[in-house]
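As given in TrEMBL:
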ACT_SITE  115  active site, pros-phosphohistidine intermediate
BINDING   9, 57, 85, 91, 102, 112  ATP binding site
DOMAIN    1-138  domain 'Nucleoside diphosphate kinase-like'
Ligand code: RTP
Ligand code: MG
């Protein structure tokens with residue numbers, strides 16, 4: 001089963017949106033396999049956003065993501081990477097459609113509430129940056145048969 005790394009960013013934690021965001025993925029039928037509040041260090045943030053090193057928004061992005069706790073999660077499900085990205089919505093807040101998390105709650109591209117891994121390979125790398133292997137729980141949910 002595919003896994004992805006999702007993270008409620010500091011703005012989402014500050015706005016009290018952890019529950020609302022978790023609710024959406026849970027009700028969709030995805031399975032939560034790990035979660036924790038994390039104060040991200042500068043080194044950890046730079047590893048997480050390594051693909052953006054050198055871009056004009058990089059420094060602000062690192063400053064923002066380390067500005068307060070984030071809620072890091074691992075979710076599992078069929079095509080979970082693509083599915084969760086669709087539920088999150090476009091990066092640019094003006095393009096994020098209503099019904100998506102960013103479309104419903106985010107006003108600014110820089111304060112866009114949630115991160116979602118963009119591929120299975122990114123997910124694997126990002127999960128390893130936030131979780132030890134034993135923190136990912138392997139358990140079955142009876143309801144999964146019906147989804
Ligand atoms: P994320 O990685 O945070 O889930 O966001 P994403 O895939 O939708 O977007 P990505 O291209 O990976 O960019 C990472 C974050 O950097 C900020 N950003 N600003 N042109 C800009 O000013 C710009 N482009 C990206 C956004 O906050 C984005 O979430
Ligand atoms: Mg990205």
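Here the Cβ of each residue, glycine as well, is placed from N, Cα and C on the backbone.
What TrEMBL says about a protein is an automatic prediction, not a curated fact.
The 6 Å Cβ screen around ligand 1 retains 57, 115 from the recorded positions 57, 102, 115, ordered by sequence position. For the ATP site listed in the record, the two most distant Cα atoms among 9, 57, 85, 91, 102, 112 lie 21 Å apart.
Taken residue by residue, the domain 'Nucleoside diphosphate kinase-like' (1-138) breaks down under DSSP into 62 helix, 26 strand, 50 coil. The residue listed as 'active site, pros-phosphohistidine intermediate' sits 9 Å from residue 91 (ATP binding site), taking the Cα positions as reference.
Each of the binding-site residues 91, 112 was scored by other CB atoms within 10 A of its CB, and the lowest score goes to 91. Around the Cβ of residue 57 (ATP binding site), the number of neighbouring Cβ atoms within 10 Å comes to 12. With the fewest other Cβ atoms inside 10 Å of its Cβ, the least crowded of the recorded positions 9, 102, 115 in this structure is 115.
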